[in-house]
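As recorded in TrEMBL:
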ACT_SITE  B:E54  active site, proton acceptor
ACT_SITE  B:D65  active site, proton acceptor
Amino acid sequence: MQDVMMGEPQARGRFGEYGGRYAPESLVEACRQVEETFREAWADPGFRAELARLLALHAGRPTPLTPALRLSEELGVRLYLKREDLAHTGSHKINNVLGQALLATRMGRRRLIAETGAGQHGVATATAAALLGLEATVFMGERDIERQALNVVRMRLLGAEVVPVTTGSRTLKDATSEAMRHWVSATADSHYCVGSVIGPDPYPWMVREFQRVIGDEAREQYSGVPDHVVACVGGGSNAAGTFAGFADTPARLVGVEAEGGAGAARGRPGVLHGCRSLFLQDDDGQIVEAHSIAAGLDYPGVGPEHAHLRDLGRARYVTVTDDEAARAVVQLARTEGIVPALESAHALAWVIRAARDGELPAGSTVLMTLSGRGDKDVSTLKELL
Amino acid sequence: MTNPTLAVGAVEHHLRERRDAGRGLFMPYVTGCVTPNWTDYLRAFADAGADAIEIGLPFSDPTLDGVTIQQASDTALARGASTRRILADLSGLPDLGVPLVASTYYNLVLHDGPEAFCAALRRAGVDGLIVPDLPVHEADELADMAAATGVDLALLASPATPEPRLAEIADRSRGFVYAVSLMGTTGEQTALAASAAQLTRRIRRVTDRPVLLGFGISTPDQAREARRHADGVVVGAAVMRRVLDGAGPDDVRAFLATLRRALDQECDAPR
């Protein structure tokens with residue numbers, strides 16, 4: 001067990017039995033360099049100050065913690081929203097990317113490689129690259145390019161190269177595979193800016209540390225400790241960052257997955273994309289394609305630390321359907337004047353269901369991370385009107 | 001650390017013997033179940049003078065493979081390929097006189113568990129194993145089980161591998177050391193990468209185990225050049241592109257024979 005809940009991983013990048021560095025030999029040295037640089041940087045007050053400066057002046061942090069008054073009234077609970085939708089570029093992804101982009105410059109890399117599903121990580125990467133004078137190459141599944149067209153335009157506007165991925169399910173899983181393949185041939189001048197708490201060590205740990213700002217801010221903004229802390233989980237970066245701020249409190253941690261991409265709730269132990277974790281697999285051990293209305297949750301696995309938190313019983317992982325998520329978008333829009341991303345709407349959909357079912361007793365306090373805004377989803381959402 | 005002279009299995013024994021006799025080693029690759037009669041390719045490989053045969057157990061997410069092997073994997077999986085089915089096909093084969101080496105991603109090994117997986121390989125007559133997403137520092141649980149069941153687990157070394165780690169890889173590898181010729185994925189290349197010669201030299205300094213160069217080797221000229229540095233070559237994508245384009249066992253045998261001749265000529269050349 002880790003010395004501190006959600007502290008540094010154990011030896012060899014382990015979170016319990018999960019994690020590790022299952023990378024092809026050609027990437028092992030690059031991963032080691034990333035780890036070494038991150039350890040130095042994270043202990044360097046100068047690096048921390050520079051990141052804090054960018055987070056404040058460029059990304060607009062801290063984001064507010066908004067009491068959702070009218071929705072709380074409807075649900076009979078007291079709901080607070082950590083507003084990552086108000087961070088620059090429209091989601092929490094910018095927190096991690098600014099950290100990794102600074103690391104890349106510290107390592108002398110001049111280009112960022114990224115995978116993206118919903119396009120939010122791709123947009124954040126393109127943004128950080130423009131800000132720091134780096135190049136950016138973003139791999140994105142062909143199917144996601146269609147359904148998140150707005151973000152593709154944004155990335156290109158920001159000067160990034162968007163590479164369509166036509167293999168497999170043509171979504172986030174395949175974009176990640178393609179980004180890894182590309183990185184093998186580009187380690188000398190490029191940094192792979194992984195967008196979630198997945199991948200080989202040190203990524204799951206490093207990305208959680210860069211996202212910890214969500215949980216740390218929320219902890220400070222909320223007086224006391226909420227009964228429940230809730231976030232959506234694809235790979236699980238906004239959830240990891242949120243949970244990190246409350247892991248040492250009695251708050252119940254709930255990760256909400258898409259019904260069709262429930263790695264933590266329904267996955268089995270395996271190895272994919274550089275780490276040992278929980279993945280949806282068939283009877284032969286082949287990875288099963290995920291299916292979700294939310295491109296950012298369309299991933300058949302979950303970060304290794306979430307798998308560990310699940311096994312420990314420290315966090316629990318639940319699922320909601322596409323329909324529940326879509327209805328949650330509309331409910332939040334009409335009660336609070338906030339259009340959430342379909343990903344974030346999954347977390348909300350669970351809160352709504354749990355409040356109705358009495359799983360959240362009347363008057364409970366719930367802090368939920370609203371990981372991103374819904375502009376990118378308008379083409380999917382217009383069907384609902 | 002295991003004593004390198006212990007637990008050397010059938011693959012290494014066979015390859016050392018042939019290498020020591022002055023032969024350039026040749027290991028062609030085929031994706032299991034890629035066609036209905038895929039085991040006919042194994043016979044063709046043996047007839048063309050293969051010294052070992054690599055059989056891919058296809059995985060849904062082959063993150064170290066280029067487009068050709070990706071396509072071959074997809075084709076095989078669409079035909080219902082699985083570890084079980086491929087090994088069942090192999091079990092029914094007469095002895096080809098050439099050791100068989102399975103290659104796959106670690107998820108498929110973990111699915112059955114290293115012990116059951118290695119035992120199933122042995123039952124099917126497979127004596128070697130390559131797992132490209134299992135680097136040496138994560139290999140303990142499989143390496144120990146492979147050694148106990150008599151499967152030679154060959155580890156990969158890359159141009160990016162630093163010195164002390166290279167020695168560890170060479171020491172812990174069984175069967176041969178798989179030298180990855182370039183910083184990239186599998187797939188045909190127009191020339192042998194400059195990194196191939198340098199990596200092979202570095203490996204030779206730390207081991208006398210057979211060294212096979214793989215990734216990108218696709219023509220007789222490249223095989224000849226690779227043989228100047230290494231004990232032999234692995235040829236995968238160049239075979240599979242032909243298979244995907246419809247080449248039958250006879251066509252593939254004819255192609256492999258050109259590579260075999262190139263390796264033999266290089267052996268006969270004054271050194």
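Here the Cβ of each residue, glycine as well, is placed from N, Cα and C on the backbone.
Bear in mind that TrEMBL entries carry predicted annotations, made automatically and left uncurated.
Taking CA atoms as the reference points, B:E54 (active site, proton acceptor) and B:D65 (active site, proton acceptor) are 15 Å apart. B:E54 (active site, proton acceptor) carries a strand DSSP state (E or B). B:D65 (active site, proton acceptor) carries neither a helix nor a strand DSSP state and counts as coil.
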